[in-house]
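Report on one structure; see the data block that follows.
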Amino acid sequence: VRTRPGYAAPVASRCYSHGKVETDEEFNARWVTYFSKPDIDGWELRKGMNTLIGYDLVPEPKVLDSALRACRRLNDLASAIRILEAVKDKAGPHKDIYPYLIQELQPTLAELGISTPEELGIDKS
Amino acid sequence: MAHQAHAYHMVDPSPWPLTGAVAALLLTSGTAIWMHFNSMSLMSLGMILLLLTIYQWWRDIIREGTFQGHHTPPVQKGLRYGMILFITSEVFFFLGFFWAFYHSSLAPTPELGGCWPPTGITTLDPFEVPLLNTAVLLASGVTVTWAHHSIMEGQRKQAIQSLTLTILLGFYFTFLQGMEYYEAPFTIADGVYGSTFFVATGFHGLHVIIGSSFLAVCLLRQVQFHFTSKHHFGFEAAAWYWHFVDVVWLFLYISIYWWGS
């Protein structure tokens, strides 16, 4: 979910350097592929998440789904729940994004047995 | 007795390699014993033996080169290769600690909160003392180059002044870093952050002390007229080492102090 500005910049003043620009679909596909690696290791999972969270966007449900499944393959429940905390934080003041993500991820959370921070009561400081 | 028919240095028998090896054994086993059985005797003995070895071995090399003429051009070339290879090995030594730092910080574990700096760590402001330290070492790189040019141009007084200034800057760095260590809000025991920080910067600090000592010996030698404008390899080796120490600091500053905060 990208927070889009209400205006669209005219083509002439776009600030791209030379080279092709990746579409949202390509970006998502790349990250889904990254987390889908069957033998992904813990380091790669954590590195991927840190890189993803560094971007100026909230990851799409399908990317998060892929990351959560990687956590399952690695038996890392802690990181799975931490991912939910991280995307809630990434949404910043846009309070409607996180509930939307949880709604979209509900089947996956149920399938993989991942509790949300709210369910665990750890969302309060 | 015949003279040698080559320009190389067939060194006389010396006990210092053996005393150095024994010192290494005593230091290592002594440190292990200190850690487990609360006795510093073996380690202290090793330290004393090491210092004696250092003093006497390098004193002998100075005698052989400066007073006995054994450091001919091919011999000096070999010494240059040796110093370059040694510094290269030190580069690899530090590479290991940078590996450890990046391994830990690019993919921080859940125990740290999955973030870097880890939860609960208050990092040092990179634009305070660490930036001053950077300026101090960069300045010392300038002064050591000044010293080198002074030596090459036969300017004795300037060489002594600039070399002294270099050493003082080195001491200033060590002093500032010591203060930082004392005042830091985290210790070596504070998870992998503390470990990577203090081991990497700690070994760097040790190398600053070693480099400063090397330069100090050069100062003493310069005062005692050991160096000529054409032949002063001991100084060059010290200057190379000092620049290496400076470069390591720049990588530490950018990686650990700046990016890592």
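Every residue, even glycine, has its Cβ placed from backbone N, Cα and C.
Annotations in TrEMBL come from automatic prediction, not curation.
In TrEMBL this protein carries:
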DOMAIN    B:4-261  domain 'Heme-copper oxidase subunit III family profile'
TRANSMEM  B:16-34  transmembrane segment
TRANSMEM  B:40-58  transmembrane segment
TRANSMEM  B:79-102  transmembrane segment
TRANSMEM  B:129-147  transmembrane segment
TRANSMEM  B:159-177  transmembrane segment
TRANSMEM  B:197-220  transmembrane segment
TRANSMEM  B:240-260  transmembrane segment
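Taking every listed stretch (B:16-34, B:159-177, B:197-220, B:240-260) in turn, the largest tally of C-beta pairs under 8 A with the transmembrane segment (B:79-102) is reached by B:240-260. Mean pLDDT across the domain 'Heme-copper oxidase subunit III family profile' (B:4-261) comes to 98 in this model. Below 8 angstroms of C-beta separation, residues 158-159, 162-163, 165-166, 169-170, 172-173, 176-177, 179-180, 215, 235, 239, 242-243, 245-246, 249-250, 253, 257 of the same chain, each at least six residues beyond the ends of the transmembrane segment (B:129-147), sit close to that stretch. When Cβ-Cβ distances under 8 Å to the transmembrane segment (B:240-260) are tallied for each of B:16-34, B:40-58, B:197-220, the top count falls to B:197-220. Beyond its flanks by at least six residues, the transmembrane segment (B:197-220) meets 58, 90, 93-94, 97-98, 100-101, 144, 160, 163-164, 166-167, 170-171, 173-174, 177, 181, 186-188, 227, 234-235, 237-238, 241-242, 244-245, 248-249, 252, 256 of its own chain at Cβ-Cβ distances under 8 Å.
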